[in-house]
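Lifted from TrEMBL, the feature list:
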DOMAIN    28-170  domain 'Lactate/malate dehydrogenase N-terminal'
BINDING   GLY33, ALA34, ALA35, GLY36, GLY37, ILE38, GLY39, ASP59, ASN119, ILE142, SER143, ASN144, MET253  NAD(+) binding site
BINDING   ARG106, ARG112, ASN144, ARG178  substrate binding site
DOMAIN    172-294  domain 'Lactate/malate dehydrogenase C-terminal'
ACT_SITE  HIS202  active site, proton acceptor
Amino acid sequence: MFRSVARSAAGKHLLRRGYATESVPDRKVAVLGAAGGIGQPLALLMKLNPLVSRLALYDIANTPGVAADVSHVNTRSEVAGYVGEDQLKQALEGCDVVIIPAGVPRKPGMTRDDLFNINAGIVKGLCAAIAKYCPNALVNMISNPVNSTVPIAAEVFKKAGAYDEKKLFGVTTLDVVRAKTFYAGKAKANVADVNVPVVGGHAGITILPLFSQATPKANLPEEDIKALTKRTQDGGTEVVEAKAGKGSATLSMAYAGAIFADACLKGLNGVPDVVECSFVQSTVTELPFFASKV
């Protein structure tokens, strides 16, 4: 009895969080970097999403164990684990959505330039494989620094003749998630009802939460808006420091990544009016890439 009640409660919670449940097409999703700090909780959240029929988990090591673990969850999707470059083709073939949390996390004292030097090469190799094995997939880029990894991915796809600006997304959803949470706390609003668009980029002062457009409307004083903006911009650093050098924002990032991937799946399935903020090729400003509502 308890199990059925718990399962029902979990299902209702996922519905509240925006996961769809109606009869839907088969969709294959790959998580590249699935054995990492973001990848493991993200793999679990994608296993919970009823829009996913096949879940491919890939990493350079340890993925068979993660896949075996996640595969025991009693939801619709079939799970397979792939390890090493020789299995990347199998992981990617037939994918509708590819999520890339692969790379190293930011550590205390590490700049985003340091991150770039390591993660750029990882992203380049994965995107070359995507262009080869599933060129029509929607690509969700989580690997930081997103402001740099998305343009790198675009150039790799262009070189391969597989670039479609409408299929490459920098996942900035964590900025939105943080802005909603912080705003709801200050405005004493129900966080489930709050919406805050976040534009710009995905690093420091390039993160621009538009609290003036937040709903429900709360007439917060200017100093509160400034504080909320700074906290949203520094959210990643807040977590890195709280974890005392032993990690970065992994659980909240996995949640944000799952929300954005769910939006992509709904879009593919023809659900109308699905809107999320994302770092994409843009003509909104003079910048070639810019986060805005898509």
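From the backbone N, Cα and C atoms, a Cβ is placed for every residue, glycine too.
The maximum pairwise C-alpha distance among GLY33, ALA34, ALA35, GLY36, GLY37, ILE38, GLY39, ASP59, ASN119, ILE142, SER143, ASN144, MET253, the residues recorded as binding NAD(+), is 18 Å. Within its own chain, ARG178 (substrate binding site) has ARG231, THR232, GLY235, SER252 as residues 6 or more apart in sequence whose C-beta sits under 8 angstroms from its own. Of all the binding-site residues listed here (GLY33, GLY37, GLY39), the one with the fewest other CB atoms within 10 A of its own CB is GLY37. Within 10 Å (C-alpha to C-alpha) of HIS202 (active site, proton acceptor) lie the following binding-site residues from GLY33, ALA35, ASN144: ASN144. The C-beta environment of ASN119 (NAD(+) binding site), restricted to residues of the same chain at least 6 apart in sequence and closer than 8 Å, consists of ALA102, GLY103, VAL104, SER143, ASN144, PRO145, THR149.
The average pLDDT computed for the domain 'Lactate/malate dehydrogenase N-terminal' (28-170) is 95. When other Cβ atoms within 10 Å of the Cβ of MET253 (NAD(+) binding site) are tallied across all protein chains shown, the result is 24. Neighbours of SER143 (NAD(+) binding site), defined as other CB atoms within 10 A of its CB across all chains, total 27. In sequence order, LEU57, ASP59, ALA61, ASN62, THR63, GLY65, VAL66 are the residues of the chain that are 6 or more apart from ALA35 (NAD(+) binding site) and have a CB within less than 8 Å of its CB.
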